[in-house]
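Participant: Take a look at what TrEMBL says about it:
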- 1-15: signal peptide (SIGNAL)
- 604-629: transmembrane segment (TRANSMEM)
- 604-868: domain 'G-protein coupled receptors family 3 profile' (DOMAIN)
- 641-662: transmembrane segment (TRANSMEM)
- 674-698: transmembrane segment (TRANSMEM)
- 718-737: transmembrane segment (TRANSMEM)
- 763-786: transmembrane segment (TRANSMEM)
- 798-818: transmembrane segment (TRANSMEM)
- 830-853: transmembrane segment (TRANSMEM)
Amino acid sequence: MLILFSFMFLIVAHLFEKAVNQATGFNLEIRQDLSMSMYHKDGDLILGGILQIHMQNNHLGSTNFKELPASTDCFLYVIRYYRHRLAFHFTVEEINNNAELLPNITLGYRIYDSCAWELRAIHGTLSLLSGTQVPVPNYSCEDRGVLAAFIGDLTSDTTYSISQLSRIFRYPQISYGAMDPIFSDRILFPSFFRMVPNERSQYDAIIQLLRHFGWTWVGILTSADYQGQSAGEELKWTIIQSGGCVEFLAMIPLIGNYQTTPEVVHLIRSSTCSVIILYSSMVYLLQQFMIKEWRKHEIPPKVWILSATLPIITDFNLGNAFQILNGSIAFSIPKGEIPGFKDFLYSVNPTMFPNDVLLKLIWQINFRCRLPGTKILRFWPDFDRLPNCTGSETLRSLDSFLYDVYNFRFSYNIYTAVYALAHALHQMYTAEPLQGPITDRESLRQRFQPWQLNNFLRNIHFKPSIGNEIFFDEKGDTPTRYDILNCIYLPNGALIQTLVGSFHPSAPSDQQLFINESAIRWQPLFKQTPRSVCSKSCRPGYRKAPKEGSQKCCYDCVSCAEGEFSNATDMEKCLKCPDDQWPTKKQDGCIPRTIEFLSYEDPLGAALASLAIVLCAITAGTLGIFLKYRETAVVKANNRDLSFILLLSLMLSFLCSLLFIGRPEKLTCLLRQTAFGIIFSVSVSAVLAKTITVVIAFKATKPGSRLREWVGSRVLSFLVLLCSLGEVLICTVWLLISPPFPDYDIQTDLGRMILICNEGSLFAFYSVIGYMGLLAILSFIVAFLARRLPNSFNEAQLITFSMLVFCSVWVSFIPVYLSTKDKYMVTVEIFAMLLSSIGLLSCIFIPKCYIILLRPEMNTREHLIGKQSTSI
């Protein structure tokens, strides 16, 4: 009963599955028409290889997902890629002959050709997992060895397809060319390793190359596949973040889709950038440059930067392509040395690999002979007419650009990838504790677990016989460098690649890029190192001004503002000169400013100094006259002590003006205004005291007047001292709170530096002037009120006139001083000091000197008393 029930359940399940398949269209079917030739070598442990040997397949169109894709064949074999298969074989043989590595274990391999097509890569992976050329999913039919790991592929797209299957069973996978950053994600790809750097490090290399040559305006061409589009967008963003600009980002269509090709050609022809980055992993990108759409239009000379992911295949005549790309700069993975591989490549022949159909084809095409037992090739009409191969043919006779045995780049990666797996397997099978000896393949199969190999692979460190140490970082990448090549297309059709630099991602940022500019041969139409900028460089004296609506690399050149300079090209901001300097006429540097101040060498300064000294001498002469005739009536009549004080203060006032002439120093700045204010206060106070003397003298003559007590030199001297102390107090507070100090003025005349004394506090400065004005106004008022007193001994009228002159001078001084600039401000103040002092000297003392010297008969007490009596 149980058996019957189980049988019925299986029938229902089958019917249900069939119904689901018919309803959804989901039905797993293994394509039988994708079977392909396999390169194999038996061994105890099998290394599965998915290598790109043919350049592409003949089905590049897109499917409509409604019917099976058409059957496709691999075509356009690449000898350089076939060399990768030979490197795989050579390395396995070398390891098997090494008694110290994997003793008693023989390595074998199974290699399938991906043809740069994901479908074939998946088919090859399934074949390796099942052990049969026609895959049997989820079954392993391999009886000729144990599958240990995968090596492949060259491009990221096919590598991704392989990893989707291999990671299910945690098989290690080592790629020898996939640079897509996604493979560094250890969560998505925990068993993935690669012998090339992360693609993002190539972005940094391109950025530093652009910076080295000052190329800020570039274009980007990518292939019309997912990887090309995503890499192009990320590269564009990286360039913009680094300060550059991208004029365009365009995609070259797939072969067979020529509708958009003229648009791309027109875009390049109309572009203004001189540098275009060609970023792709698709070989067909170079073939596009060979079609007539590119050749019939004259492409202007450009510098082409080729990414390391773009394989440059010299098997085909790429002359037309590199006529356009001549002089290009190409990034490449570094080449390595493989001891003995060169001789092995020369020794390869069809008898060495009798089942290798592709090797026979390469042999017959390149040597134009027919191997025995070869079927007639349909694509070769004259094949049956070819002579038989003699057996003396050798690959040494092939041109080096076709069969290169000197530059091993991806071949070296395969060499190191196989060795990395061998070292990991060796450590795995020699690790303690041992689970007994390996007696046969069955025991090997039972002991081998692919996930265990991952742990050993992460920790390997080994050094090939020639080369650097090989290891994987925490993301499964191999630290390495980029070679920078200069691709030169010679007139004879040969393409040579010259090493002109390198980029080390792991080095310090300032030591990562090395470029030998002298070794670079640019496109012949470039007479010097090309420039690629959106706008011409702004020469010194100008700055960059962004254009509205344009990228930041497109700008106008605007001259620096007055007082600013730029001493380098393409400066975004102009700089200000130090205060003691001024921009040159071209505003490309700074020169010392012309320093100005009222000096003794200046004619105006010399004239004012001479005038002050002369006036001081005249005042001293007047003082001498008064001292000589101090007992005469005129001198004694108006308090000779006050006259002496006034004359001394006037002498000092004239000399005080000398403090304003010469280079401003700290001491002179402190003394200028304070000395001037105090000395002038003494002078005005003396005048005020003399005026009060006149009033008291005549009021005291009245009977019973108590003013007699106030007549005397002590009281008047105290009055002078008291009035002067007010100015002393103001100056003291000024010096304590905000004293004057040496300063300079660079605003008045932009080309000169005017040395001045900064007053520190304008309020204090005008307080000093105001206090003197207050004293002068009091003197003027008192003298004006005393003008009607008797004329004998009466100085009131003279004092009134002198104070009128004094006040007029200083009232005029303020607006003139405020409207005057630079050194003439000092001149105005000196002139006001001299003029006001001259007013006092001439109005008060000149009339008396006239009487003393020229009219001595009037210098008697009788004359003065008589004149007074007459007046009364």
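Each Cβ is built from the backbone N, Cα and C atoms, and glycine gets one as well.
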Participant: Sort out the residues at least 6 away from either end of the transmembrane segment (674-698), same chain, that have Cβ-Cβ distances under 8 Å to it, and list them.
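Facilitator: Hits for the transmembrane segment (674-698): 638-639, 642-643, 645-646, 649-650, 652-653, 656, 659, 707, 710-711, 716-717, 719-720, 722-724, 726-728, 730-731, 734-735, 768-769, 771-772, 775-776, 778-779, 782-783, 785-786, 789-790, 793-796, 799, 802-803, 806, 833, 836-837, 840, 844.
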Participant: Could you check whether the transmembrane segment (604-629) packs against the transmembrane segment (830-853) - three or more CB pairs closer than 8 Å, residues at least 6 apart in sequence?
Facilitator: yes
Participant: Would you kindly list the residues that approach the transmembrane segment (830-853) from elsewhere in its chain, counting only those six or more residues past its ends and only Cβ-Cβ distances under 8 Å?
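Facilitator: Sequence-distant neighbours of the transmembrane segment (830-853): 598, 608, 611-612, 615, 618-619, 622, 625-626, 629, 632, 634-635, 643, 646-647, 650, 653-654, 656-657, 660-661, 676, 680, 683, 687, 690, 795, 798-799, 801-802, 805-806, 809-810, 812-813, 817, 859.
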Participant: Return the average pLDDT for the domain 'G-protein coupled receptors family 3 profile' (604-868) as a whole number.
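Facilitator: Mean model confidence (pLDDT) across the domain 'G-protein coupled receptors family 3 profile' (604-868) is 80.
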